[in-house]
Ligand code: BG6
């Protein structure tokens, strides 16, 4: 997407961009390495990158956690995680090379001795593996630990590289739980790291289909002329999951679906769908346009009518009876946490004035699907009999983020026969059919970008703070008014969500 190093010669730069993007000498330190994310996503992503030849031969992985492990124990944990979750086939020689660069540092975050050991470990890796002093610190830990970890990195001389070498901080969500806490966290992180050294993860931006939103919009002529209030009736952004909260009660309860997903993933999808064309694809140009559109987002005045929250009750999913949220392990039986949220947003600018953007997300819904549906207005005039167009809906352009990645266009077509009956049909593009290349996992892409110092796909602190600013009034409203409506697991959410759209004369898609 962007030039990592510009030669100053546009033709050379264009050629460079087609070369595989391979990380230079470097290493990754993961705090919170015993967590689920690390095992299911980060460790496999590192292996997959190595397997694809995108990491340097001396790449090193350091785990930091409160465990009584030797380096070999850590390597074994990574090995098991890779075997279970990696995307690419296991190859012994790739594994061996990677395993030689694995180290483990036992300790808690306020333990000076552990950070001295970490420093010694990094120095040793620079000598034995040629990591060149280039290290990224991945904070896969709850935000309450950020201040301690970053100040320890500073105190022990780990946050600044020497000479040409770099140090970067990678920060997992949740980045705060409201605007105030996000600002405080940003201040803490920026005391130690420069803005260009901080990489905030929103793994949705690492997904191929999400990056494709910009390709589809700005590499073609067909769509953009229609992509505005003159033709678009409304936009629906859906992220539905069939899973419950699994073992994440500690994180999820009190946070809920809107903070977990709307504040980050869905507002980023909205920004990419609604923003103006950036002047280039470098991080600054993208941020400028995303921020501009996020700044134009307006909440409806009557939050009670235009937002909905729900909580799953017991129900049936995939032929099995599943428990309700309040019966999940570790959940307070009186919890008011939302597991479903829907909001209507408007965008106050010339392109989108009057076009609602409906966002919804939920756990234990009918099926797992994330999509962006741009729904068009009906034709201004119909020369056909009303009876012939009964099965004609509104045209739609649907970006299928996952699963079944691709794009669907829905439009009306004549039904074969002697009458002029018109019915909706779809035209599909599916990744699997059009490309032989397989899609990397989001975390593969994002970890590689961190090592390359490429910040395009990482939200900057201004976007994060603006997103909280959008969400905060909704959460405050919910806090003061009632509790979430229960919906049976396996359905499409609370009835109030259907009513919310019905009041606008619309209905949710059933993807
Ligand atoms: C995470 C949320 O950011 O995204 C989870 O914290 C959610 O609650 C997950 O399950 C979904 O990610 P994906 O890539 O499976 O859609």
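Just so it is clear, glycine is given a Cβ too, placed from its N, Cα and C backbone atoms.
TrEMBL lists 203, 207, 241, 260 as substrate-binding residues, and of the candidates 83, 119, 363, 414 the one it assigns to that same site is 363. Residue 173 (NADP(+) binding site) and residue 203 (substrate binding site) are 9 Å apart (CA-CA, integer value). Cβ neighbour density within 10 Å is lowest for 66 among the binding-site residues 66, 207, 363. Averaged over the domain 'Glucose-6-phosphate dehydrogenase C-terminal' (214-509), the predicted model has a pLDDT of 96. For the compositional bias 'Basic and acidic residues' (500-511), the number of residues in each DSSP class (helix H, G, I; strand E, B; coil) is 3 helix, 0 strand, 9 coil.
Among the binding-site residues 66, 207, 260, 363, the ones whose Cβ sits under 6 Å from an atom of ligand 1 are, in sequence order, 260. DSSP assigns residue 207 (substrate binding site) to coil in the three-state reduction, placing it in neither a helix nor a strand. Annotation for residue 173 (NADP(+) binding site): same-chain Cβ neighbours under 8 Å, separated by at least 6 residues, are 200, 201, 202, 264. The Cβ of residue 241 (substrate binding site) lies under 8 Å from the Cβ of 361, 362, 363, 364, 365, 368, each on the same chain and at least six residues away in sequence.
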